[in-house]
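Visitor: What Swiss-Prot records for this protein is below:
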BINDING   315, 316, 317, 318, 319, 320, 321, 336  ATP binding site
ACT_SITE  371  active site
(Lines of atoms letter the chains of each structure in order from A and count residues from 1; the text may use other names and numbers.)
(Lines give C-alpha, C1' and ligand atoms only; values in the text may rest on other atoms or scores of the structure.)
Protein backbone atom coordinates (compact mmCIF):
# COMPACT_ATOMS: atom_id res chain seq x y z
CA UNK A 1 0.00 0.00 0.00
CA UNK A 2 2.86 2.37 0.88
CA UNK A 3 4.49 1.77 -2.51
CA UNK A 4 1.22 2.58 -4.28
CA UNK A 5 0.84 5.75 -2.22
CA UNK A 6 4.38 6.88 -3.05
CA UNK A 7 3.72 6.30 -6.75
CA UNK A 8 0.44 8.22 -6.53
CA UNK A 9 2.21 11.15 -4.87
CA UNK A 10 4.94 11.19 -7.53
CA UNK A 11 2.37 11.10 -10.32
CA UNK A 12 0.32 13.85 -8.63
CA UNK A 13 3.34 16.15 -8.56
CA UNK A 14 4.20 15.47 -12.21
CA UNK A 15 0.58 15.95 -13.27
CA UNK A 16 0.55 19.21 -11.33
CA UNK A 17 3.61 20.35 -13.22
CA UNK A 18 1.98 19.31 -16.51
CA UNK A 19 -0.99 21.50 -15.63
CA UNK A 20 1.27 24.43 -14.75
CA UNK A 21 3.37 24.23 -17.88
CA UNK A 22 0.30 23.70 -20.02
CA UNK A 23 -1.09 27.00 -18.74
CA UNK A 24 2.35 28.57 -19.20
CA UNK A 25 2.31 27.54 -22.88
CA UNK A 26 -1.29 28.68 -23.25
CA UNK A 27 -0.49 32.19 -22.02
CA UNK A 28 2.65 32.23 -24.16
CA UNK A 29 0.76 31.14 -27.27
CA UNK A 30 -1.49 34.19 -26.91
CA UNK A 31 1.49 36.50 -27.49
CA UNK A 32 0.99 36.50 -31.26
CA UNK A 33 -2.62 37.67 -31.02
CA UNK A 34 -1.75 40.32 -28.44
CA UNK A 35 1.02 41.60 -30.73
CA UNK A 36 -1.17 41.62 -33.84
CA UNK A 37 -3.94 43.47 -32.03
CA UNK A 38 -1.46 45.93 -30.46
CA UNK A 39 -3.04 45.12 -27.11
CA UNK A 40 -0.14 46.39 -25.03
CA UNK A 41 -1.98 46.46 -21.67
CA UNK A 42 -2.80 42.78 -22.24
CA UNK A 43 0.90 42.14 -22.95
CA UNK A 44 1.78 43.51 -19.52
CA UNK A 45 -1.04 41.61 -17.82
CA UNK A 46 -0.03 38.32 -19.47
CA UNK A 47 3.54 38.81 -18.28
CA UNK A 48 2.37 39.07 -14.65
CA UNK A 49 -0.12 36.23 -15.07
CA UNK A 50 2.52 33.84 -16.38
CA UNK A 51 4.85 34.61 -13.46
CA UNK A 52 2.08 33.88 -10.93
CA UNK A 53 1.13 30.53 -12.51
CA UNK A 54 4.04 28.63 -11.01
CA UNK A 55 3.43 29.41 -7.33
CA UNK A 56 -0.32 28.97 -7.83
CA UNK A 57 0.10 25.42 -9.15
CA UNK A 58 2.67 24.52 -6.49
CA UNK A 59 0.05 25.52 -3.92
CA UNK A 60 -2.59 23.35 -5.60
CA UNK A 61 -0.29 20.31 -5.58
CA UNK A 62 0.68 20.83 -1.93
CA UNK A 63 -3.01 20.95 -0.98
CA UNK A 64 -3.63 17.72 -2.94
CA UNK A 65 -0.74 15.96 -1.25
CA UNK A 66 -1.94 16.92 2.20
CA UNK A 67 -5.33 15.38 1.38
CA UNK A 68 -3.83 12.23 -0.15
CA UNK A 69 -1.16 11.45 2.43
CA UNK A 70 -2.28 13.13 5.63
CA UNK A 71 0.48 13.15 8.23
CA UNK A 72 2.92 11.33 5.93
CA UNK A 73 3.21 14.49 3.93
CA UNK A 74 5.40 15.83 6.75
CA UNK A 75 7.64 12.74 6.77
CA UNK A 76 10.91 13.60 5.01
CA UNK A 77 11.85 9.92 4.62
CA UNK A 78 8.55 9.26 2.86
CA UNK A 79 9.24 12.10 0.44
CA UNK A 80 12.79 10.87 -0.12
CA UNK A 81 11.43 7.52 -1.28
CA UNK A 82 8.86 9.30 -3.37
CA UNK A 83 11.63 11.33 -5.04
CA UNK A 84 13.20 8.04 -6.17
CA UNK A 85 9.93 7.05 -7.84
CA UNK A 86 9.53 10.53 -9.35
CA UNK A 87 13.01 10.23 -10.86
CA UNK A 88 11.88 7.06 -12.59
CA UNK A 89 9.15 9.02 -14.39
CA UNK A 90 11.60 11.46 -16.00
CA UNK A 91 13.80 9.56 -18.54
CA UNK A 92 11.13 9.82 -21.25
CA UNK A 93 9.65 13.10 -20.05
CA UNK A 94 10.32 16.05 -22.41
CA UNK A 95 10.53 18.78 -19.74
CA UNK A 96 12.46 16.76 -17.19
CA UNK A 97 14.67 19.60 -15.96
CA UNK A 98 11.81 21.94 -15.07
CA UNK A 99 9.81 19.03 -13.63
CA UNK A 100 12.69 18.53 -11.19
CA UNK A 101 12.55 22.18 -10.16
CA UNK A 102 8.78 21.89 -9.67
CA UNK A 103 9.36 18.91 -7.36
CA UNK A 104 11.85 21.02 -5.41
CA UNK A 105 9.29 23.80 -5.04
CA UNK A 106 6.64 21.39 -3.74
CA UNK A 107 9.11 19.89 -1.27
CA UNK A 108 10.20 23.33 -0.03
CA UNK A 109 6.59 24.45 0.39
CA UNK A 110 5.85 21.35 2.48
CA UNK A 111 8.94 21.65 4.67
CA UNK A 112 9.30 25.43 4.83
CA UNK A 113 12.63 25.24 3.02
CA UNK A 114 14.15 22.92 5.66
CA UNK A 115 16.14 19.69 5.24
CA UNK A 116 17.38 20.66 1.79
CA UNK A 117 19.49 17.60 1.03
CA UNK A 118 20.33 15.87 -2.28
CA UNK A 119 18.53 12.68 -1.23
CA UNK A 120 15.28 14.58 -0.75
CA UNK A 121 15.24 17.01 -3.68
CA UNK A 122 17.04 17.68 -6.95
CA UNK A 123 20.01 19.80 -5.89
CA UNK A 124 21.55 18.50 -9.11
CA UNK A 125 19.70 16.93 -12.03
CA UNK A 126 19.05 13.21 -12.01
CA UNK A 127 19.36 13.03 -15.79
CA UNK A 128 22.54 12.57 -17.88
CA UNK A 129 24.19 15.74 -19.16
CA UNK A 130 23.57 14.82 -22.80
CA UNK A 131 19.82 15.24 -22.33
CA UNK A 132 20.36 18.98 -21.85
CA UNK A 133 21.93 19.25 -25.30
CA UNK A 134 19.57 17.05 -27.29
CA UNK A 135 17.27 18.66 -29.86
CA UNK A 136 14.93 15.76 -30.72
CA UNK A 137 12.82 17.66 -33.22
CA UNK A 138 13.68 20.57 -35.50
CA UNK A 139 13.15 23.89 -33.76
CA UNK A 140 14.64 25.95 -36.59
CA UNK A 141 14.65 26.21 -40.39
CA UNK A 142 17.79 26.51 -42.48
CA UNK A 143 18.16 28.98 -45.35
CA UNK A 144 21.00 29.20 -47.87
CA UNK A 145 21.46 32.27 -50.14
CA UNK A 146 21.77 30.19 -53.32
CA UNK A 147 19.90 32.85 -55.33
CA UNK A 148 21.25 35.75 -53.31
CA UNK A 149 20.36 37.29 -49.98
CA UNK A 150 17.48 39.30 -51.43
CA UNK A 151 15.58 36.19 -52.56
CA UNK A 152 16.45 34.27 -49.42
CA UNK A 153 15.13 37.02 -47.15
CA UNK A 154 11.94 37.26 -49.21
CA UNK A 155 11.38 33.55 -48.57
CA UNK A 156 12.33 33.78 -44.90
CA UNK A 157 10.13 36.78 -44.10
CA UNK A 158 7.32 35.41 -46.23
CA UNK A 159 7.19 32.45 -43.83
CA UNK A 160 6.75 34.65 -40.75
CA UNK A 161 3.43 33.53 -39.19
CA UNK A 162 2.14 37.04 -38.44
CA UNK A 163 -1.24 37.89 -40.01
CA UNK A 164 -0.55 41.55 -40.74
CA UNK A 165 0.62 43.21 -43.97
CA UNK A 166 4.12 44.61 -44.32
CA UNK A 167 4.58 48.36 -44.42
CA UNK A 168 7.28 48.05 -47.10
CA UNK A 169 9.00 44.66 -47.14
CA UNK A 170 11.35 45.35 -50.11
CA UNK A 171 12.61 48.44 -48.28
CA UNK A 172 13.28 46.48 -45.09
CA UNK A 173 15.05 43.72 -47.02
CA UNK A 174 17.24 46.38 -48.62
CA UNK A 175 18.04 47.72 -45.15
CA UNK A 176 19.06 44.24 -43.97
CA UNK A 177 21.18 43.45 -47.03
CA UNK A 178 22.90 46.84 -46.88
CA UNK A 179 23.69 46.32 -43.21
CA UNK A 180 25.06 42.80 -43.81
CA UNK A 181 27.20 44.00 -46.72
CA UNK A 182 28.68 46.74 -44.53
CA UNK A 183 29.40 44.26 -41.73
CA UNK A 184 30.65 41.15 -43.55
CA UNK A 185 32.62 40.54 -46.73
CA UNK A 186 30.98 39.37 -49.96
CA UNK A 187 32.86 36.07 -49.66
CA UNK A 188 31.54 35.51 -46.14
CA UNK A 189 27.96 36.19 -47.19
CA UNK A 190 28.21 33.91 -50.22
CA UNK A 191 29.25 31.00 -47.98
CA UNK A 192 26.73 31.77 -45.25
CA UNK A 193 24.02 29.55 -43.85
CA UNK A 194 21.17 31.04 -41.85
CA UNK A 195 19.20 29.02 -39.32
CA UNK A 196 16.06 30.70 -37.95
CA UNK A 197 13.98 29.61 -34.96
CA UNK A 198 10.50 28.40 -35.86
CA UNK A 199 8.93 30.45 -33.08
CA UNK A 200 9.04 34.21 -32.70
CA UNK A 201 10.21 35.77 -29.43
CA UNK A 202 7.65 38.32 -28.17
CA UNK A 203 8.37 41.08 -25.67
CA UNK A 204 6.93 44.56 -25.17
CA UNK A 205 5.85 45.86 -28.60
CA UNK A 206 8.17 43.68 -30.68
CA UNK A 207 8.20 40.20 -32.19
CA UNK A 208 11.80 39.07 -32.56
CA UNK A 209 12.97 36.74 -35.30
CA UNK A 210 16.02 34.92 -33.88
CA UNK A 211 18.59 33.21 -36.04
CA UNK A 212 22.15 31.86 -36.27
CA UNK A 213 24.31 33.20 -39.05
CA UNK A 214 26.98 30.60 -39.81
CA UNK A 215 30.00 32.00 -41.66
CA UNK A 216 33.35 30.40 -42.48
CA UNK A 217 34.92 32.13 -39.48
CA UNK A 218 32.23 31.54 -36.88
CA UNK A 219 28.60 31.73 -35.80
CA UNK A 220 26.92 35.10 -35.28
CA UNK A 221 23.50 36.12 -33.94
CA UNK A 222 20.92 37.23 -36.48
CA UNK A 223 18.16 39.17 -34.74
CA UNK A 224 15.33 41.09 -36.39
CA UNK A 225 12.86 43.01 -34.19
CA UNK A 226 9.50 43.27 -35.98
CA UNK A 227 7.24 46.15 -34.96
CA UNK A 228 4.02 47.50 -36.39
CA UNK A 229 3.07 51.07 -37.12
CA UNK A 230 -0.06 52.94 -36.09
CA UNK A 231 -1.85 51.57 -39.17
CA UNK A 232 -1.15 47.97 -38.21
CA UNK A 233 1.52 47.29 -40.84
CA UNK A 234 4.75 45.45 -39.99
CA UNK A 235 8.26 46.79 -40.31
CA UNK A 236 11.72 45.57 -39.29
CA UNK A 237 13.41 48.08 -37.03
CA UNK A 238 17.01 46.85 -37.24
CA UNK A 239 19.29 43.86 -37.76
CA UNK A 240 21.68 42.81 -34.99
CA UNK A 241 24.61 40.44 -35.54
CA UNK A 242 27.03 41.38 -32.76
CA UNK A 243 27.20 39.13 -29.71
CA UNK A 244 27.29 42.18 -27.42
CA UNK A 245 24.00 43.37 -28.92
CA UNK A 246 22.45 39.91 -28.60
CA UNK A 247 23.58 39.74 -24.99
CA UNK A 248 21.76 42.99 -24.22
CA UNK A 249 18.61 41.82 -26.02
CA UNK A 250 18.57 38.71 -23.80
CA UNK A 251 19.84 40.67 -20.78
CA UNK A 252 19.13 40.12 -17.08
CA UNK A 253 17.56 43.59 -16.73
CA UNK A 254 14.81 42.90 -19.26
CA UNK A 255 11.43 41.24 -19.06
CA UNK A 256 11.17 37.60 -20.04
CA UNK A 257 10.44 36.69 -23.64
CA UNK A 258 7.21 34.98 -24.59
CA UNK A 259 8.39 32.18 -26.88
CA UNK A 260 6.48 28.94 -27.37
CA UNK A 261 8.85 26.25 -26.08
CA UNK A 262 7.23 22.88 -25.32
CA UNK A 263 10.76 21.52 -24.82
CA UNK A 264 12.72 24.39 -23.23
CA UNK A 265 16.01 22.50 -22.89
CA UNK A 266 16.11 22.16 -26.69
CA UNK A 267 15.61 25.90 -27.17
CA UNK A 268 18.28 26.70 -24.57
CA UNK A 269 20.70 24.35 -26.32
CA UNK A 270 19.97 26.06 -29.64
CA UNK A 271 20.48 29.55 -28.19
CA UNK A 272 23.91 28.75 -26.77
CA UNK A 273 25.68 29.31 -30.09
CA UNK A 274 24.52 32.91 -30.42
CA UNK A 275 24.77 33.70 -26.70
CA UNK A 276 28.02 32.03 -25.63
CA UNK A 277 28.47 34.47 -22.75
CA UNK A 278 25.16 33.50 -21.14
CA UNK A 279 24.97 30.79 -18.51
CA UNK A 280 22.32 28.09 -18.48
CA UNK A 281 20.48 30.00 -15.75
CA UNK A 282 20.44 33.21 -17.79
CA UNK A 283 19.09 31.45 -20.88
CA UNK A 284 16.23 29.81 -19.00
CA UNK A 285 15.48 33.16 -17.38
CA UNK A 286 15.33 34.90 -20.77
CA UNK A 287 12.62 32.52 -22.05
CA UNK A 288 10.49 32.91 -18.92
CA UNK A 289 11.37 29.76 -16.94
CA UNK A 290 12.32 31.88 -13.95
CA UNK A 291 11.87 29.22 -11.26
CA UNK A 292 14.07 26.72 -13.06
CA UNK A 293 16.52 29.54 -13.66
CA UNK A 294 16.68 29.93 -9.88
CA UNK A 295 17.63 26.23 -9.63
CA UNK A 296 20.35 26.68 -12.24
CA UNK A 297 21.70 29.82 -10.54
CA UNK A 298 22.07 27.84 -7.33
CA UNK A 299 23.84 25.03 -9.17
CA UNK A 300 26.23 27.55 -10.73
CA UNK A 301 26.89 28.93 -7.26
CA UNK A 302 27.61 25.45 -5.86
CA UNK A 303 29.96 24.72 -8.76
CA UNK A 304 31.82 27.98 -8.16
CA UNK A 305 32.14 27.30 -4.43
CA UNK A 306 33.50 23.81 -5.12
CA UNK A 307 36.08 25.10 -7.60
CA UNK A 308 37.36 28.08 -5.58
CA UNK A 309 38.70 28.82 -2.12
CA UNK A 310 37.58 32.44 -1.97
CA UNK A 311 35.86 33.85 1.08
CA UNK A 312 32.66 35.86 1.06
CA UNK A 313 33.34 39.55 1.62
CA UNK A 314 31.30 42.71 2.10
CA UNK A 315 30.47 44.01 -1.38
CA UNK A 316 32.47 47.06 -2.54
CA UNK A 317 30.67 50.39 -2.48
CA UNK A 318 28.69 52.44 0.00
CA UNK A 319 26.95 50.27 2.59
CA UNK A 320 23.19 50.30 2.26
CA UNK A 321 20.79 51.49 4.95
CA UNK A 322 18.30 48.71 4.19
CA UNK A 323 20.32 45.86 2.69
CA UNK A 324 23.50 44.09 3.74
CA UNK A 325 25.26 43.11 0.50
CA UNK A 326 28.08 40.59 0.19
CA UNK A 327 29.79 38.68 -2.58
CA UNK A 328 32.72 36.49 -3.59
CA UNK A 329 35.61 38.47 -5.14
CA UNK A 330 35.48 36.72 -8.54
CA UNK A 331 31.83 35.64 -8.63
CA UNK A 332 29.41 37.55 -10.88
CA UNK A 333 26.59 37.61 -8.32
CA UNK A 334 25.92 39.51 -5.12
CA UNK A 335 23.84 38.38 -2.14
CA UNK A 336 21.47 40.85 -0.47
CA UNK A 337 19.94 40.41 2.98
CA UNK A 338 17.29 42.74 4.41
CA UNK A 339 18.63 44.24 7.63
CA UNK A 340 16.80 43.63 10.89
CA UNK A 341 16.69 47.37 11.59
CA UNK A 342 16.93 50.26 9.14
CA UNK A 343 18.52 53.66 9.42
CA UNK A 344 16.09 56.21 10.98
CA UNK A 345 15.61 58.09 7.70
CA UNK A 346 14.31 54.93 6.01
CA UNK A 347 10.59 54.80 6.74
CA UNK A 348 9.96 51.36 5.25
CA UNK A 349 9.37 47.87 6.61
CA UNK A 350 10.91 44.55 5.59
CA UNK A 351 7.52 43.56 4.15
CA UNK A 352 7.48 46.71 2.03
CA UNK A 353 11.00 45.97 0.75
CA UNK A 354 10.01 42.43 -0.25
CA UNK A 355 6.92 43.79 -1.99
CA UNK A 356 9.13 46.19 -3.96
CA UNK A 357 11.36 43.32 -5.11
CA UNK A 358 8.29 41.37 -6.22
CA UNK A 359 7.00 44.43 -8.07
CA UNK A 360 10.27 44.61 -10.00
CA UNK A 361 10.04 40.93 -10.97
CA UNK A 362 6.53 41.38 -12.35
CA UNK A 363 6.95 44.81 -13.94
CA UNK A 364 8.45 45.67 -17.30
CA UNK A 365 12.09 46.28 -16.35
CA UNK A 366 12.88 48.02 -19.69
CA UNK A 367 16.53 46.95 -19.43
CA UNK A 368 17.03 49.20 -16.40
CA UNK A 369 16.26 47.06 -13.33
CA UNK A 370 18.15 43.90 -12.39
CA UNK A 371 16.19 40.70 -11.88
CA UNK A 372 16.70 38.84 -8.61
CA UNK A 373 16.36 35.27 -7.33
CA UNK A 374 14.96 34.73 -3.84
CA UNK A 375 16.31 31.98 -1.54
CA UNK A 376 15.39 30.77 1.92
CA UNK A 377 17.63 28.95 4.41
CA UNK A 378 20.76 29.58 2.39
CA UNK A 379 23.63 27.59 3.95
CA UNK A 380 27.25 28.82 3.92
CA UNK A 381 30.27 27.11 5.49
CA UNK A 382 31.66 29.44 8.13
CA UNK A 383 35.26 29.06 7.00
CA UNK A 384 34.23 30.63 3.68
CA UNK A 385 33.06 33.84 5.40
CA UNK A 386 35.60 36.60 6.03
CA UNK A 387 35.84 37.82 9.65
CA UNK A 388 34.67 41.30 8.62
CA UNK A 389 31.57 39.92 6.91
CA UNK A 390 30.81 37.54 9.77
CA UNK A 391 30.88 40.45 12.21
CA UNK A 392 28.67 42.48 9.88
CA UNK A 393 26.14 39.64 9.58
CA UNK A 394 25.82 39.22 13.34
CA UNK A 395 25.59 42.99 13.80
CA UNK A 396 23.03 43.74 11.06
CA UNK A 397 20.95 40.58 10.50
CA UNK A 398 21.17 38.36 13.62
CA UNK A 399 17.44 37.60 13.47
CA UNK A 400 17.92 36.04 10.04
CA UNK A 401 20.82 33.79 11.06
CA UNK A 402 20.97 30.27 12.46
CA UNK A 403 24.31 28.96 13.73
CA UNK A 404 24.86 25.27 12.95
CA UNK A 405 28.42 25.13 14.23
CA UNK A 406 30.49 24.82 11.07
CA UNK A 407 27.75 26.37 8.96
CA UNK A 408 25.65 29.51 8.98
CA UNK A 409 22.07 29.53 7.70
CA UNK A 410 20.70 32.79 6.28
CA UNK A 411 16.94 32.52 6.43
CA UNK A 412 16.23 34.82 3.49
CA UNK A 413 18.32 36.52 0.81
CA UNK A 414 18.29 37.70 -2.79
CA UNK A 415 20.86 36.79 -5.42
CA UNK A 416 21.45 39.42 -8.08
CA UNK A 417 23.81 40.05 -10.97
CA UNK A 418 26.95 41.84 -9.86
CA UNK A 419 27.70 45.23 -11.41
CA UNK A 420 30.16 48.04 -10.78
CA UNK A 421 28.47 50.61 -8.52
CA UNK A 422 28.05 53.80 -10.51
CA UNK A 423 29.69 55.95 -7.83
CA UNK A 424 32.83 53.76 -7.99
CA UNK A 425 32.77 53.72 -11.79
CA UNK A 426 32.72 57.53 -11.87
CA UNK A 427 35.85 57.68 -9.71
CA UNK A 428 37.85 55.72 -12.32
CA UNK A 429 36.20 56.88 -15.57
CA UNK A 430 38.07 58.79 -18.26
CA UNK A 431 36.46 61.77 -20.00
CA UNK A 432 34.65 59.69 -22.66
CA UNK A 433 33.48 57.07 -20.18
CA UNK A 434 32.23 59.82 -17.89
CA UNK A 435 30.22 61.42 -20.69
CA UNK A 436 28.75 58.09 -21.81
CA UNK A 437 27.82 56.84 -18.36
CA UNK A 438 26.16 60.12 -17.30
CA UNK A 439 24.12 59.99 -20.51
CA UNK A 440 23.22 56.37 -19.65
CA UNK A 441 22.30 57.31 -16.08
CA UNK A 442 19.84 59.96 -17.25
CA UNK A 443 18.43 57.61 -19.88
CA UNK A 444 17.90 54.95 -17.22
CA UNK A 445 15.88 57.34 -15.05
CA UNK A 446 13.81 58.48 -18.05
CA UNK A 447 13.10 54.97 -19.29
CA UNK A 448 12.09 53.80 -15.83
CA UNK A 449 9.79 56.80 -15.49
CA UNK A 450 8.24 56.13 -18.89
CA UNK A 451 7.53 52.58 -17.69
CA UNK A 452 5.66 54.01 -14.66
CA UNK A 453 8.50 53.44 -12.17
CA UNK A 454 9.86 56.24 -9.99
CA UNK A 455 13.17 55.07 -8.47
CA UNK A 456 12.83 57.18 -5.34
CA UNK A 457 16.45 57.28 -4.23
CA UNK A 458 18.37 58.20 -7.38
CA UNK A 459 21.85 58.55 -5.85
CA UNK A 460 24.71 57.15 -7.94
CA UNK A 461 25.36 54.39 -5.37
CA UNK A 462 21.99 52.84 -6.17
CA UNK A 463 22.84 52.22 -9.83
CA UNK A 464 25.30 49.79 -11.37
CA UNK A 465 27.23 49.67 -14.65
CA UNK A 466 27.19 46.42 -16.64
CA UNK A 467 30.07 45.06 -18.69
CA UNK A 468 28.38 46.56 -21.76
CA UNK A 469 28.33 50.03 -20.20
CA UNK A 470 24.60 49.98 -19.47
CA UNK A 471 23.39 51.72 -16.32
CA UNK A 472 20.95 49.61 -14.29
CA UNK A 473 19.03 50.45 -11.12
CA UNK A 474 19.30 47.92 -8.28
CA UNK A 475 18.10 49.52 -5.03
CA UNK A 476 14.36 48.97 -4.82
CA UNK A 477 13.30 49.85 -1.27
CA UNK A 478 11.91 53.27 -2.26
CA UNK A 479 10.47 52.58 -5.71
CA UNK A 480 6.86 53.36 -6.44
CA UNK A 481 4.62 53.94 -9.43
CA UNK A 482 5.02 57.27 -11.18
CA UNK A 483 1.30 57.84 -10.81
CA UNK A 484 1.64 57.80 -7.00
CA UNK A 485 4.04 60.77 -6.90
CA UNK A 486 3.10 64.44 -6.69
CA UNK A 487 5.72 66.41 -8.64
CA UNK A 488 5.80 70.02 -7.52
CA UNK A 489 7.63 73.24 -8.21
CA UNK A 490 9.15 74.96 -5.21
CA UNK A 491 6.95 77.99 -4.50
CA UNK A 492 8.71 81.37 -4.44
CA UNK A 493 9.81 82.58 -0.99
CA UNK A 494 7.40 84.92 0.74
CA UNK A 495 10.12 86.92 2.46
CA UNK A 496 13.91 87.16 2.27
CA UNK A 497 14.11 85.29 5.56
CA UNK A 498 12.43 82.24 3.97
CA UNK A 499 15.50 81.51 1.86
CA UNK A 500 17.76 81.63 4.93
CA UNK A 501 15.56 79.44 7.11
CA UNK A 502 16.65 75.90 8.05
CA UNK A 503 13.17 74.53 7.35
CA UNK A 504 11.22 74.94 4.07
CA UNK A 505 8.65 77.74 3.96
CA UNK A 506 6.17 75.48 2.18
CA UNK A 507 4.32 72.34 3.22
CA UNK A 508 5.64 68.95 2.06
CA UNK A 509 3.39 65.87 1.90
CA UNK A 510 4.85 62.31 2.00
CA UNK A 511 4.60 61.79 -1.79
CA UNK A 512 5.74 65.27 -2.80
CA UNK A 513 8.85 65.42 -4.99
CA UNK A 514 10.59 68.62 -6.10
CA UNK A 515 12.70 67.96 -9.25
CA UNK A 516 14.42 71.35 -8.84
CA UNK A 517 16.24 69.84 -5.85
CA UNK A 518 17.74 66.96 -7.82
CA UNK A 519 20.98 68.74 -8.86
CA UNK A 520 21.84 69.53 -5.24
CA UNK A 521 21.68 66.01 -3.81
CA UNK A 522 22.53 63.96 -6.92
CA UNK A 523 25.77 65.63 -8.01
CA UNK A 524 28.31 67.19 -5.68
CA UNK A 525 30.97 67.17 -8.43
CA UNK A 526 30.60 70.37 -10.45
CA UNK A 527 31.83 68.83 -13.73
CA UNK A 528 29.45 65.87 -13.47
CA UNK A 529 26.58 68.19 -12.58
CA UNK A 530 27.29 70.34 -15.64
CA UNK A 531 27.35 67.26 -17.89
CA UNK A 532 24.13 65.97 -16.40
CA UNK A 533 22.36 69.31 -16.80
CA UNK A 534 23.48 69.57 -20.44
CA UNK A 535 22.18 66.11 -21.34
CA UNK A 536 19.27 65.63 -18.96
CA UNK A 537 18.34 69.03 -17.58
CA UNK A 538 14.69 68.26 -18.31
CA UNK A 539 14.72 65.92 -15.29
CA UNK A 540 14.89 69.03 -13.10
CA UNK A 541 11.53 70.31 -14.43
CA UNK A 542 8.32 69.30 -12.67
CA UNK A 543 6.55 69.79 -16.02
CA UNK A 544 8.61 66.99 -17.56
CA UNK A 545 7.49 64.50 -14.91
CA UNK A 546 3.88 65.68 -15.02
CA UNK A 547 3.78 65.24 -18.79
CA UNK A 548 5.02 61.67 -18.38
CA UNK A 549 2.39 61.03 -15.72
CA UNK A 550 -0.31 62.30 -18.04
CA UNK A 551 0.78 59.93 -20.81
CA UNK A 552 0.76 57.02 -18.37
CA UNK A 553 -2.72 57.90 -17.09
CA UNK A 554 -3.96 58.09 -20.68
CA UNK A 555 -2.83 54.50 -21.16
CA UNK A 556 0.13 55.25 -23.40
CA UNK A 557 2.82 52.57 -23.24
CA UNK A 558 6.20 53.75 -24.45
CA UNK A 559 8.28 51.94 -27.05
CA UNK A 560 11.21 50.06 -25.51
CA UNK A 561 14.28 49.27 -27.59
CA UNK A 562 16.84 46.70 -26.48
CA UNK A 563 19.50 48.41 -28.59
CA UNK A 564 20.88 51.87 -29.17
CA UNK A 565 18.60 54.22 -31.06
CA UNK A 566 21.31 54.84 -33.63
CA UNK A 567 21.07 51.20 -34.71
CA UNK A 568 17.51 51.65 -35.96
CA UNK A 569 17.14 51.46 -39.75
CA UNK A 570 15.26 54.73 -39.85
CA UNK A 571 13.86 57.21 -37.37
CA UNK A 572 10.19 56.39 -37.76
CA UNK A 573 9.34 57.69 -34.30
CA UNK A 574 7.67 61.01 -33.65
CA UNK A 575 9.82 63.70 -31.98
CA UNK A 576 10.76 62.48 -28.52
CA UNK A 577 10.46 65.81 -26.76
CA UNK A 578 8.78 69.17 -27.03
CA UNK A 579 10.70 72.14 -25.63
CA UNK A 580 8.78 74.94 -23.94
CA UNK A 581 9.72 77.92 -21.85
CA UNK A 582 8.21 78.55 -18.44
CA UNK A 583 9.10 80.37 -15.24
CA UNK A 584 11.93 77.92 -14.62
CA UNK A 585 13.44 78.42 -18.07
CA UNK A 586 13.57 75.94 -20.93
CA UNK A 587 11.94 72.61 -20.18
CA UNK A 588 11.66 69.48 -22.33
CA UNK A 589 8.91 66.96 -21.91
CA UNK A 590 7.69 63.95 -23.94
CA UNK A 591 5.97 64.81 -27.20
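The backbone N, Cα and C atoms fix where each Cβ goes, and this holds for glycine too.
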Visitor: Cα of residue 336 (ATP binding site) to Cα of the residue listed as 'active site': how many Å, rounded?
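Guide: With the alpha carbons as reference points, the distance is 13 Å.
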Visitor: Which residue among the binding-site residues 316, 317, 320 has the fewest other Cβ atoms within 10 Å of its Cβ, if you could check?
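Guide: Result for the binding-site residues 316, 317, 320: minimum number of other Cβ atoms within 10 Å at 316.
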Visitor: In whole Å, how far does the CA atom of residue 317 (ATP binding site) lie from that of residue 371 (active site)?
Guide: 20
Visitor: Fewest other C-beta atoms within 10 angstroms of its own C-beta: which of the binding-site residues 319, 336 fits that?
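Guide: Lowest Cβ count within 10 Å among the binding-site residues (319, 336) is 319.
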Visitor: Look at the binding-site residues 315, 318, 321 and tell me which residue has the greatest number of other C-beta atoms within 10 angstroms of its C-beta.
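Guide: Counting every other Cβ within 10 Å of each candidate, the maximum falls on 315.
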Visitor: Would you measure the largest Cα separation among 315, 316, 317, 318, 319, 320, 321, 336 for the ATP site and round it to whole Å?
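Guide: Greatest Cα separation within the listed binding residues comes to 15 Å.
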Visitor: Look up residue 315 (ATP binding site) in the DSSP assignment and reduce it to helix, strand or coil.
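Guide: Where residue 315 (ATP binding site) sits, the three-state DSSP reduction gives coil.
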Visitor: Where residue 318 (ATP binding site) and residue 371 (active site) are concerned, what is their Cα separation in Å, rounded?
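Guide: Each residue's Cα considered, residue 318 (ATP binding site) and residue 371 (active site) end up 21 Å apart.
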